[in-house]
Amino acid sequence: MNFLTQLKYKLIETFQKTLVRDTLWLLISKIFGVLIQATSFILVARSLGAENFGMFVGVSALGAIVLPFAVLGSGDILIQSVSRDRSRFSEYWGKTLATVFVSSLFITTFLVLIAKLFLLRSVPTLVLILILTADILGVTLTFHVTAKAFMAVNMIKQSALVRMMLAVSKFIAALIMAKYFSNPDIFIWSSLYFLSTLIAAFTSVLFVCKLLGKPKFPSLKFTTDLGQGLYFAISESASTINANIDKTMLVSLSTAEAAGLYAAAYRIIDVGSVPIYSILGATYAKFFQHGLSGIKGSLDFAKRLLPVIVLYGIVAAIGFWVLAPFVPDILGEEYENAVGALRWLAPVPFYLGVQYMAADALTGAGFQRSRSIVQVSAAILNVGLNIILIPIYSWQGATWATLSSETFKLILLWILVLSIYKKEMKAQSKLDINE
């Protein structure tokens with residue numbers, strides 16, 4: 001058998017593996033989605049200008065921080081429970097939807113009041129309501145509910161399609177704004193953003209109901225896994241704070257223009273992180289299955305993925321550094337300072353990938369509380385550094401705060417994983433000796 005024939009059979013064997021196939025599905029769909037998102041991003045950034053774009057990003061970032069509390073971890077609990085027992089889907093699907101609709105109403109109302117009183121006083125109230133409702137209800141239903149419902153039953157293809165649906169809907173909204181409005185402002189974009197997001201969200205809910213079954217809604221006095229769900233919500237919110245609070249604080253403590261420049265650089269980082277997010281999405285439910293045997297099972301699974309994550313993180317960092325000077329050519333001359341921001345943020349995909357291997361190993365083995373504590377600590381550090389650095393150094397201070405908190409989180413998560421692993425091995429050794 002010659003080399004080409006051997007290579008052919010090896011490739012066929014590789015692509016037949018579920019994990020590889022799922023990762024490729026997510027990767028292909030995410031690349032397609034990223035192209036759409038990138039086009040939307042360029043259309044919106046150029047149409048609104050740095051100041052209006054910065055205002056939009058500031059509000060959206062604020063919504064992203066509290067968004068996990070709209071679902072209270074019920075999407076993750078759905079994955080955890082249904083990935084182990086498929087027959088419980090309707091029960092957890094109903095609980096998840098009920099949680100989201102009730103909590104979204106209260107959280108959106110509360111956040112609008114807080115934003116007007118303290119954080120984003122210059123942003124019109126109607127703009128706050130439209131953007132926050134779209135993000136807290138619409139994005140939650142798509143990314144944290146319907147996509148995870150498909151992940152729970154290992155329908156990765158459908159999970160990817162649901163996420164793409166939201167990206168396509170937002171792209172259509174951006175295209176309408178660019179084509180039919182000569183001088184669009186934040187009011188026009190927030191209205192289009194609101195409509196496009198909610199249309200995609202409710203369509204995705206119907207998609208799940210058709211393919212997986214109708215929800216079984218709980219009684220008015222239903223009890224959820226509130227304690228565990230709260231840890232999931234705290235953990236996700238803390239991660240979002242690390243990624244988004246700097247944008248909101250730039251609007252408040254510096255200028256909307258600085259927020260727009262920094263947000264543009266961070267959006268490019270997000271685009272480059274797509275392969276890492278694809279691997280994480282395809283493997284998340286499997287961490288729960290491997291974690292049934294304890295931290296050793298989930299850690300061994302993480303070790304299999306780590307070399308690919310590390311290699312890509314390094315390549316991505318180099319790519320961002322080299323390609324950064326082309327940002328003004330794509331977005332416009334007013335984004336000249338985004339070049340420096342992009343170069344400072346270049347290591348972020350590496351940090352995120354290595355962090356999530358440790359974090360998902362903890363979650364899969366039942367140590368979500370420990371993961372949450374580390375992520376909250378990193379978020380507090382991030383906020384503290386931003387308060388100190390942004391008034392002095394503007395977007396540069398935000399980049400330094402991000403890098404510092406991400407490094408802190410990476411180190412602590414891996415220390416925690418290894419310490420729990422050693423304790424488990426020590427306890428297992430004692431049991432073996434006693435037997």
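Counting starts with 1 at the first residue shown.
The backbone N, Cα and C atoms fix where each Cβ goes, and this holds for glycine too.
The following features are taken from TrEMBL:
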- 24-44: transmembrane segment (TRANSMEM)
- 56-79: transmembrane segment (TRANSMEM)
- 100-120: transmembrane segment (TRANSMEM)
- 126-147: transmembrane segment (TRANSMEM)
- 159-181: transmembrane segment (TRANSMEM)
- 187-212: transmembrane segment (TRANSMEM)
- 305-324: transmembrane segment (TRANSMEM)
- 344-362: transmembrane segment (TRANSMEM)
- 374-394: transmembrane segment (TRANSMEM)
- 400-421: transmembrane segment (TRANSMEM)
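Counting Cβ pairs under 8 Å to the transmembrane segment (56-79), the top-ranked stretch among 24-44, 100-120, 126-147, 187-212, 344-362 is 126-147.
Under the criterion of 3 or more C-beta pairs below 8 Å, with sequence separation of 6 or more, the transmembrane segment (187-212) and the transmembrane segment (126-147) qualify as touching.
Long-range contacts of the transmembrane segment (305-324) within the same chain: residues 268-269, 272-273, 275-276, 279, 283, 339-340, 342-343, 345-347, 349-351, 353-354, 357, each at least 6 residues beyond the stretch ends and with a Cβ under 8 Å from a Cβ of the stretch. Below 8 angstroms of C-beta separation, residues 55-56, 59-60, 62-64, 66-68, 70-71, 74-75, 96-97, 100-101, 104, 107-108, 111-112, 115-116, 120, 159, 162-163, 165-166, 186-187, 190-191, 193-194, 197-198, 200-202, 204-205, 207-208 of the same chain, each at least six residues beyond the ends of the transmembrane segment (126-147), sit close to that stretch.
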